[in-house]
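Note sheet for the following structure.
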Amino acid sequence: EPVDQPEPKRRLLSAVVKVDGPGTNGDDAGAEGREDGPTAAQGGERRGASNGGGFRRDGSQWVSRRELDNQLPEPLPRPAPKEEDQSLVRRNKRMLGKLLVGTLEKFQQENKKLSNSEAFMRRSEAQQKADQKAREDSERLRQQEREQAAEKRRRDMTLRARVAAKAEEKRLELLYIQWSEHHKKLSSFLRLFLFLVQKYPY
């Protein structure tokens, strides 16, 4: 009795399957699926890399890196502590105080060095000369103002004296005129009286 020979096998997509055997289609589909799965994944990865890179969200859908970055939530700001450590606050105050004291001491030392320098002496001398000149100018201006005020008072007094003298002169002229009129009247009366006495004796 002849022995059944096994069906010849062939290589299809790197998978060994039977030809025209039972379950061939299912095996072929499974083999093709197994073969196509890694290949497709590798191809997808290559396509994702060529398109700018991406991350796989699930087994069948790909998204770009830019889209995924846009979908990521923004980091929330770190909440500030409600209560600060008192020791840290005291330490910061001490450090700030030391810094201020050090800065002040450094400034005083630099100022002392500068005061002893020749340039500072020259500047001090120039400043003293400028102050002296300013005081002299101010004193000269005040003296001029005093002299001008005195001259103005003298002119005012002279003008007032002239006005007073003129007024007195006018007053004397008026008195002379009045006396002259009175003398004329008196002379006329006396002449008339003498005429009457001579004409009509006792």
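Placement of Cβ uses the backbone N, Cα and C atoms for every residue, glycine included.
Just so you know, TrEMBL annotations never went through curation; they're auto-generated.
Per TrEMBL, these features apply:
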COMPBIAS  1-10  compositional bias 'Basic and acidic residues'
REGION    1-91  region 'Disordered'
COMPBIAS  55-69  compositional bias 'Basic and acidic residues'
DOMAIN    89-191  domain 'Pinin/SDK/MemA protein'
REGION    111-154  region 'Disordered'
Quick one: DSSP breakdown of the region 'Disordered' (111-154) into helix, strand and coil? 42 helix, 0 strand, 2 coil
Taking all residues of the domain 'Pinin/SDK/MemA protein' (89-191) together, what is their mean pLDDT? 89
